[in-house]
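Please read the structure below before turning to the comments.
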């Protein structure tokens with residue numbers, strides 16, 4: 001009998017995608033899809049057509065699936081389709097479903113621990129009484145992903161409805177800005193875009209991540225935290241925080257992850273520039289694309305503990321001038337949580353794990369961070385893998401202030417300590433809600449990271465961490481009782497819109513029976529959000545006398561013309577107040593951050609959106625300044641229109657004038673679609689807007 005030759009292999013990409021929750025990937029919806037995307041540990045169907053009728057009694061068909069160039073036992077699956085095959089969650093099987101003349105239908109089951117990635121297929125055919133083989137290499141991609149819907153998968157999420165958010169939602173919000181003025185910045189993850197999965201594969205290869213480890217979400221998440229920054233291995237994004245972005249894209253201009261991943265894949269070069277929420281936005285796109293449940297997390301008032309003391313230390317001179325220190329406090333910091341079981345740890349540490357792709361400190365010699373179980377961070381168990389100590393300090397370090405003091409044993413005496421300063425609030429997007437202009441979609445998850453501030457449990461968790469760290473122990477032993485008979489309070493500032501003046505005040509109260517001479521200083525400075533100072537805007541200092549049992553106040557008025565020329569990106573201002581009492585040497589310092597508020601972009605649709613029909617989107621923005629805006633440009637991204645990120649140049653805007661531009665679009669997806677926009681000009685940057693609308697059938 002003539003050899004059994006393969007004519008065609010087909011995997012029903014669309015039909016398989018439905019039960020595998022992969023139907024939203026763009027490539028599956030091509031007119032003639034050539035890419036199959038399925039999830040591990042769940043059967044999928046295929047068919048082979050031969051050049052002659054298939055003889056079940058005499059013909060042998062072997063399916064050989066492999067991952068990578070040099071397959072090993074873990075990265076190869078070899079199966080013969082059999083009618084009596086029984087699916088087993090730990091091994092490859094192929095069940096013969098039907099034979100029609102020269103067509104063989106089969107169902108493949110994969111192990112639930114299978115490494116994820118692009119698998120290739122070779123079909124080997126021969127006859128029982130012959131050793132002559134025929135080989136057919138299938139030339140299409142088969143992606144096999146994590147399966148958080150499967151109870152046996154390490155990424156399984158019991159409440160499967162949440163996977164609609166944490167795996168399948170392609171748009172979200174990232175909370176940015178200081179505590180008082182934090183706002184949700186809309187972000188388009190776009191994990192189903194045709195470019196994203198190939199970019200993920202390229203990233204894992206570039207990180208030289210072994211194929212046989214790609215089934216372990218703990219290792220995959222850790223390597224993602226490393227390769228999304230460029231510090232060790234020319235990864236996806238270069239971080240930059242100094243405002244100099246002319247040779248790349250400013251972090252505030254990005255509208256989503258797809259454009260970044262597309263540029264990385266196309267150029268095979270690091271993309272400039274990212275900051276924490278950009279790293280986190282890319283991580284979420286990558287994790288969700290691979291099937292790892294993921295969310296973006298914002299920590300308001302975030303500690304960067306560079307010397308592992310579980311404290312953030314600020315140093316002042318004898319005259320209470322602030323000195324340089326290695327630790328820093330970021331207005332906010334953004335990272336990611338990923339969901340998985342942790343069989344590598346004692347029981348009780350599965351669920352959400354923190355990973356951070358922003359390069360801050362090295363871990364095991366590389367710029368990577370996590371996965372750190374939230375439960376371990378909350379309890380202060382710093383010995384567990386990975387990087388629990390760094391994450392614990394980020395959300396729960398104590399702020400300690402030290403004044404140079406020649407008489408003190410360590411050379412420094414303590415100014416005051418503020419246990420309530422770090423990790424003021426930890427936020428993420430609430431599942432199933434998207435509020436383009438307000439904060440209805442904000443979820444406070446502080447209690448998942450730490451006990452309520454000031455409770456015994458919260459102090460115990462931090463002290464538990466301190467107990468494990470020799471360095472931290474030495475620091476905490478210095479905390480001493482301070483004599484205080486003058487109270488100082490920095491008054492809260494109301495919201496300040498760009499273009500308006502503001503006033504800062506210290507209230508001083510002498511509770512002793514003697515007069516007190518006090519030296520005080522009060523300043524406003526512009527800062528980058530990572531705590532680096534740009535310039536002093538205005539400062540006053542002087543001496544004042546406060547009589548026994550009397551109150552006084554010190555104020556500083558800052559006018560628009562004082563701050564406007566000195567504002568840096570995001571408009572962050574830090575108020576610093578310091579005082580020292582002559583008679584008792586009591587010293588006090590406090591600071592407050594706020595953001596000058598900027599307007600939002602208004603997005604309107606002029607007509608009902610009909611699929612395939614031309615329509616118009618209107619973008620508008622009110623200039624809040626009494627000066628002209630020049631070099632204006634909008635960027636727009638949407639899940640429902642062709643083109644990844646559209647750039648729309650706009651005319652100059654007169655002082656306090658209204659800018660309106662119209663953008664022609666043609667929707668290509670039915671149902672709800674979201675638009676995310678950013679705006680920049682020479683005078684005003686970091687302006688955002690978003691809108692959601694419905695696309696109807698014609």
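Note that Cβ sites are derived from N, Cα and C of the backbone, with glycine treated the same way.
As annotated by TrEMBL, domain 'Transglutaminase-like' applies to 268-359.
What TrEMBL lists as active site is 276 (among others).
Here TrEMBL flags 333 (among others) as active site. Note: residue 333 (active site) has non-local neighbours 276, 298, 299, 302, 304, 358, 394, i.e. same-chain residues 6+ apart with C-beta under 8 A of its own C-beta.
Residues or ranges marked as active site by TrEMBL: 356 (among others). There are 30 other Cβ atoms within 10 Å of the Cβ belonging to residue 356 (active site).
As annotated by TrEMBL, Ca(2+) binding site applies to 396, 398, 453, 458.
Rounded to a whole number, the distance between the Cα atoms of residue 356 (active site) and residue 453 (Ca(2+) binding site) is 24 Å. Compared over the binding-site residues 398, 453, 458, the count of CB atoms lying within 10 A of a residue's CB peaks at 398. Around residue 396 (Ca(2+) binding site), the C-beta neighbours below 8 angstroms that are at least 6 residues distant in the chain are 377, 380, 422, 423, 449, 450, 458, 461, 462. For the pair residue 356 (active site) and residue 398 (Ca(2+) binding site), the Cα-Cα distance reads 21 Å.
In the shown protein chains, 27 other C-beta atoms lie within 10 A of the C-beta of residue 276 (active site). Confidence annotation: the domain 'Transglutaminase-like' (268-359) carries a mean pLDDT of 92 in the model.
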